[in-house]
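Participant: My questions will all concern the structure given below.
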Amino acid sequence: MATARLDYVAPWWTYWLHNFPHFNFFFQSIDNTFKPEDASYQQSLIFLASVGAVGLGLSLLVLAVFLVCLCCCRKDIDDETKRPSTCCLTWSAVITGLIICSAVGVGFYGNSETNDGVYQLTYSLSNANHTLGGINNLVAGTLGNVQTGLKQHLERLDEIFAAKSEFLNSLRFMQMMVNNVIHEMMALPDINKANVDLAAIADQTALVEYYRWLTYLLMLILDLVICLAMCLGMAKQSRWLLITIMAFVVLSIILSWASLGAGTATAVGTSDFCVSPDKYIVNQTKDFLTADVAHYYLFCSPNLPNPFQQSLTICQRSLTTMQIQIQGLLQVTVPIFPTAERDLLGIQRLLNSTEFSLHQLTALLDCRGLHKDYLDALIGVCYDGVEGLLYLSLFSLLAGCVLSAMLCAIFRVWTLMGSRDKEYDDIDEEDPFNPQARQMSYNPRRSNIHSFCSYTSSLGSQASIQPPLPSASNASPPEYMNQSMLFGRSPRYENAPLIGRGSPPPSYSPSMRTTYLSMTDAQIRHFGTDFQA
């Protein structure tokens, strides 16, 4: 009996994953045959899942070493060296962001492929469950018609034909045919358990797949948001935003390595199944299906005989024989026993409906329908499903590594921002060339300090008290007053008494000297001795 099948060949990546070393908790190599109920095999999958924990530990170790080096080797950075360092960090952040975006694209593709494969699996399981449910209903309906309906009619006919022994012999023969049908129907395999198992597996798989798909989708969106927020934080130079980003980066690193471990274990376990699925299914169905029935549906080869053909043939012949007997009894017995016509016609209707159900049952028991669903499920799991898991594992690996580098870059930018703020805090606020002083708000206390430079404007504010002086010449403003315009006309610098501090302007124009010499005694008393030479 040939068992080779050419319509399904496991993809090469399943063989590659199947050859991964399988170790238990004691680092002992075990058989890589798919046995999910075996404790040693479960330990091997958990051991493979621990690769995510190892990656997470290495990432945390690298981050700890980086932080130690950053704290121990930190030194003062001047303006000439600060600019190249910031540029290098910017390019590092840009490169990590691009890699993360590429990894997210790979993740979206892998998530979609895995979802398609699992959907094809659940769809095939639902179709197979529908087929098995139809078989179960037809068998139950046929047994009900034969055991209940036909027997009742035959019992009443036995009472009617009690006086005719030849008619009773026909009824005995029909009863024997009914028993043959019942026996053959009872000999069919009980597929109720398979029907229930497929429905439960399909529902559980669909539920798990929904949460898996949603979890990966949120992870992908989180990585994209981290990239955008990092660019915004570096552009805005916002320390609180960078701190928030670092917290989410740490969370994303943990999720990435955890998903890598889970994806690797799932891909290897699924590949172990995909390499030899027939053997596992035969072992799982041996309690309610014989080996020849399981091979008939798994391989569906023309060389394999139909294990139900003999039972179906016996049932069909028995029904045909009863149809012939009923036709003869209708012609012979109705003129003699008119009351027997109702039961004879009732038997004829039951035989017709039973024969129709038997034809449907023969079509459903054929291997081609269930075998197609089986192949579709295998292709969905072993091709699209495992391929998608490989892409998701690649995404998790890239995200875990690149996010660790991104976290280092973000922390370095955060420290540089802190150093820059500290340098700004060390600058003297009284320095007129302090960039922060240019942004200081107007202080009314300082505006009361008058200078020689603002003497003309001060007189304008006091016009109601003292008579205005003759207007100055039309000469251009002094050079140092033009320089004060650089500070945004701040009263602090325009009203600074430079002469009173012993710091006269570098040169005096004729108009300035004329204005100074024309001050009255009242004006001198008003301004005090600030302008005394």
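Glycine is treated like the rest: Cβ placed from N, Cα and C.
Curation plays no part in TrEMBL annotations; they are all automatic predictions.
Feature annotation from TrEMBL assigns transmembrane segment to 45-73, 85-109, 213-233, 240-260, 389-414.
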Participant: Rank 45-73, 213-233, 240-260, 389-414 by Cβ pairs under 8 Å to the transmembrane segment (85-109) and hand me the top one.
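Facilitator: Highest pair count goes to 389-414.
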Participant: Considering only Cβ pairs within less than 8 angstroms, which of the stretches 45-73, 213-233, 240-260 has the most against the transmembrane segment (389-414)?
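Facilitator: Answer is 240-260, with the largest number of Cβ pairs below 8 Å.
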Participant: By a Cβ-Cβ criterion of under 8 Å, what residues six or more beyond either terminus of the transmembrane segment (240-260) are in contact with it?
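Facilitator: Counting only partners 6 or more residues beyond its ends, the transmembrane segment (240-260) has Cβ contacts under 8 Å with 51-53, 55-56, 59, 215-216, 219, 222-223, 225-226, 229-230, 232-234, 392-393, 396-397, 399-400, 403-404, 406-407, 410-411, 413-414, 417.
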